[in-house]
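Here the structure comes first, spelled out in structure tokens, and everything after it is commentary.
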Amino acid sequence: MTPINQLLSLIISPPGNLLFHLVLAFSVLFALQNVILWPLDLSSPIRRTLIVGLSVALAGQILLFISAGLAWQNLLVLPSFLPALERMVLSLTLFWLGRLWLFPAPNVRIDRLSMVLTFSFPLIFLFELLYAPASGQNLGYNTSLFDQIWTVIIITLSITGLIIALTRSSPVAGEGFGVMGFILAGGLLHYALDAPQSDISATLRMAQLCTYPLLPAMVQHILRLNTSVSASMSPESSASPSKAITTASMQAIFHWSDVASSIGKDNLLEALTRAIAHTLRADLCLMLQQSETDAETLVVQTGYDLVRDEPIVQSHIRITRFPKLLNALRHQKTLLVEDESALGEESHNLASVLGLEHIGSLIAAPIQFPVSKPALMVLLTPYSNRAWTPEELTRLQVLNQKTALLLKQGEAFHHLQSQVFQLEQALQSLRTDFERVQNENRSLRQTLESSSSTPSGDFEALLALQREAQDTIEALQAENRALKEMLAESRQKSTPSAEVEHLENELRSTLEEIARLQNALAEANIQILKLQQSAKQPSNLPPAQQEVLISLVQEMRQPLSSILGYVDLLMGETVGILSALQRKFLERTRVATVKTRDLLEQLLEEVSALTMQSTTNEEVLAEVGPIIDQALNDLAPQIQQRQINVHLDFPAEIPRVRLNPDNLYQILVHLLQQLVTNATTESDLTLRLLNETALSSPPFLLLQISNTPWERIEIPPRQLLHETITGESSFQEASKERLNIGLIKALIETNGGRVYVDIDSSHAITVNLLLPIEALGIANAAL
């Protein structure tokens, strides 16, 4: 026996063959231990595949060890059982080692092939056990037909694995070439060196002794190659897997916060693809949209490379090269491709566009943008070769839906912000106009104060009224600004309701009315300045200018009435329930507006009194009787409401008075209105006319208006009207509403008349008006 035969006999005859199976089993066990202890997530698909394949190999060696022990003790009946089992275990182990070497990641087709062959080899073994006894062979197993079949299977598996490894573009473990090479050499030498009469193949066992010690190193190399991507993304993964998961989750949170902050900006799509890639741990994330200008072009709007940590620039591709992606984009459908070969030529086209060798597994889900065309979010795994699952596709679809809702709300928020910005600009414009009016008023006051001539008492009173009106407008503006700030704070705390928006519209209208009032006030100031300058000249004020000045002041009543109407509408809670603070602000606004209206009334009276000075040189005659009738008719509702009895005592012939009819009408209306308002119910009101031609020079017409009794009057009898209108008068303190004496006194005395009041002990008040009448030969200058 040659030395080679002596060496080979040690591993084919007991008890050496038992040691042979133990060596192989321990080699597989060491490799399995490396997989279990490798710093990788236990739920990793690569780890699961390695554990399954090595477990199959270990189970086969344990089964061979037990069978060899039973055969040594002559407990096996079938002589071909042990050699057939050994060939079957070797073929099955060789297939799984090739699978682990070339395709460690999950793959649908490879998984199905693995399942088929894993059950096919045992079926061939069972068929052989049933056929071998019937064949009646008494020769060695090495010369049997089934030995040749198993040897061809082993050689075919080895050659196939080597060809796939050599033609594959991705790197593979170098130890796999040794495993496949040794097994291939053993299968070829089996025909030349093994004894035909033997049942065991010594060359194949020697090849296995050379192969199995390489398994731990090959497994480590496979794990390093397939976990390098994960290691590059999380440097701390080898030290603490749970910490790496936490870090990845925190990174995803940070990137989604970047998406929220990028809404409305140019880098939104780039931030979105980066966040989705980190969330689903995708090697590449792409966003595809159909071109708006060219219907035959797909646009890769942006993307993100998770491994290289860099964005993917925009590119354009032809639609005809990507039919499945185009169909998913147009019909808003999801797409799951577990194996890139299912895409055919489309996968190679996409890889060439991205500059990759292959694209790996692919999932795609549509995403809808609020202001642009829908897009398709595509995730690829060209580096890790990880196969996507339907659950991950569902997660991507849900993530896109939530993202679309977030973007829609963000666009609405930015639209509201733009509207707020426009309102702020309008408010700033109003403030600018308000400051301009203030500056103009300040300039007018300075001009009036620096006038060389000493202004008369009427002009001083007029300027005082103007300043008071300006202060009131400023206070009203401050109240409205405070109310607007309160509404702005309320809008920040809660979603704006229809009531709050209506209130804002009403306040905005109020501000517009205030601005209009300010403009009218500025125009009135200009007219006052012109009036002051014209007062220095001896010439008369033309009637047209008088009418313009009076109408300008009267027009200022309309915005104040509008403001009062808006405030009353808000206080009536017709647009919503008001809080205590809101009601307080509205009450202050109403008080300030009423005060402004009263000041404008006085301003109108003073302007009317001043303009009458320019008419003193003109002879204007008025009929007293018709004017009294008109005044009583206008006040008839108030007189009837108070149940006042009106008595008229007129002479047969009433001379005409030298007064403007409008001025006389204003005198009577103001006087009668105050007397009626302050009179008790069912009192008497008497109007008497006396001709004082014989007693006075120049002649006068005496108009006595008596009211009996007057409410709560404590005043000395027969007091001149000039004394009655002083600020300390008990007459003003006792009446319900102050009798507006200034206008009456100015109108009467300007036209050469007099007015005074008599009050008797029964609280009956009589107002005496001395009106200059028409008389021949009396000069108009007698005033």
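Using N, Cα and C of the backbone, Cβ positions are placed for all residues, glycine too.
Unlike curated entries, TrEMBL annotations are predicted automatically.
TrEMBL lists 420-534 with the feature coiled coil. What TrEMBL lists as domain 'Histidine kinase' is 551-775. Taken from TrEMBL, the feature transmembrane segment covers 18-38, 50-72, 84-102, 114-134, 149-166, 173-193.
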May I ask for the residues of the chain that lie six or more residues beyond the transmembrane segment (173-193) and have a Cβ under 8 Å from a Cβ within it?
4, 90, 94, 97-98, 101-102, 142, 151, 154-155, 157-159, 161-162, 165, 201-208, 210-211, 214-215, 217-218, 221-222, 225
Positions whose Cβ lies under 8 angstroms from the transmembrane segment (149-166), at least six residues beyond its ends
84, 87-88, 90-91, 94-95, 98, 101-102, 124, 172, 176-177, 180-181, 183-184, 187-188, 190-191, 201, 204
Determine the mean pLDDT over the coiled coil (420-534), rounding to the nearest whole number.
70
